[in-house]
Amino acid sequence: MQKLQIFVYIYLFVLIVAGPVDLNENSEQKEYVEKEGLCNACLWRQNNKSSRLEAIKIQILSKLRLETAPNISKDAIRQLLPKAPPLRELIDQYDVQRDDSSDGSLEDDDYHATTETVITMPTESDLLAEVEEKPKCCFFKFSSKIQYNKVVKAQLWIYLRPVKTPTTVFVQILRLIKPMKDGTRYTGIRSLKLDMNPGTGIWQSIDVKTVLQNWLKQPESNLGIEIKALDENGHNLAVTFPEPGEEGLNPFLEVKVTDTPKRSRRDFGLDCDEHSTESRCCRYPLTVDFEAFGWDWIIAPKRYKANYCSGECEFVFLQKYPHTHLVHQANPRGSAGPCCTPTKMSPINMLYFNGKEQIIYGKIPGMVVDRCGCS
């Protein structure tokens, strides 16, 4: 009994010397750990975001088959950018980004961009065709995007200078050919008559699909065209070689090629915001700003929602591949852990200058993360 009393006295002495026990110590440590964990998650997401931005730059150049970003200044763009209706409509009504992730489909697309519309500006011919000893507009070179795709539409756009009085204008599009025995150097493509009212000039489009298809089959026959738009006094109103103040009024070709859609399959995933405390694999918002990159050669969109994936992929979270969970349970050391990656990607439409100062309107696959999952 005396030994027990001594033990109790010693125990009480230790408590007094050690001081009172802080009952909140464990909760504070737990709170610190939780905050530290959240900070680590934020840092991990920031690293994923930075990596995604750098990957997007590389992907865009690669998918557009560009070794480097075209070096085109803003001043040059103002000079080269046509002021024509089809291009203005593309810019004004541009569908910057669809975020229809609710459809839950996984797109199987090709790696490289699928071109929908190519706007080609006139250039100088390697074999300069001349009529009456004067070079005539216009000669067009065609990229592989046009050469190796099915052309569904080809329009020649020309700008007619304004008139002071109501005038009837006779428009002729002539195709240059090799000299014939009788000296003929051209053959007609299309003729039309227009009634113009005084005031502003107008843009006129002309169907040249048949001619373009012939040029693609026989490239040596492409010697260029001559454009005439004569008023009643014989003055040519067509802008072929723009004068000062007529920048952006050059003739150009608008060519549309086919785009074959592909089938898709179903998939689902989590959506989060930057303030989310979700630890599982999730899709987070990310806006790409091309102006911040200094990429003035991209006409539209100037920015788009790309999104990125981040989060943990524990085996218990796996729903897409349940067999993976069973494999891990059978051999936990021999099976690699899953990663948080995109499971649904969608394309963006882009209007841009290529390395040859041609304006391209195309679809770039796999640029938007619509779903994230563990795989």
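Including glycine, each Cβ sits where the backbone N, Cα and C put it.
The DSSP secondary structure for Cys282 (disulfide bond) is strand. Within the same chain, residues at least six positions away from Cys282 (disulfide bond) with a Cβ under 8 Å of its Cβ are Gly269, Leu270, Asp271, Cys272, Ser276, Cys309, Ser310, Gly311, Cys340, Cys372. If you look up Swiss-Prot, you'll see Cys272-Cys282 (among others) marked as disulfide bond, on the strength of similarity to another entry.
Under the heading disulfide bond, Swiss-Prot lists Cys281-Cys340 (among others), citing similarity to another entry as support.
In the three-state DSSP assignment, the secondary structure recorded for Cys309 (disulfide bond) is strand. Feature annotation from Swiss-Prot assigns disulfide bond to Cys309-Cys372 (among others).
Feature annotation from Swiss-Prot assigns disulfide bond to Cys313-Cys374 (among others); the stated evidence is similarity to another entry.
Residues or ranges marked as N-linked glycosylation site in Swiss-Prot: Asn48 (among others). Non-local contacts of Asn48 (N-linked glycosylation site) by the CB criterion (under 8 A, 6+ apart in sequence, same chain) comprise Tyr284, Tyr308, Cys309, Ser310.
Positions annotated as N-linked glycosylation site by Swiss-Prot: Asn71 (among others). Its Cβ taken as reference, Asn71 (N-linked glycosylation site) is surrounded by 9 other Cβ atoms within 10 Å in the chains shown. Asn71 (N-linked glycosylation site) falls within neither a helix nor a strand when secondary structure is assigned with DSSP, and so counts as coil.
As annotated by Swiss-Prot, signal peptide applies to 1-18, with the evidence given as sequence analysis.
The number of other Cβ atoms within 10 Å of the Cβ belonging to Cys372 (disulfide bond), over all protein chains shown, comes to 27.
Cys281 (disulfide bond) sits 6 Å from Cys313 (disulfide bond), taking the C-alpha atoms as the reference points.
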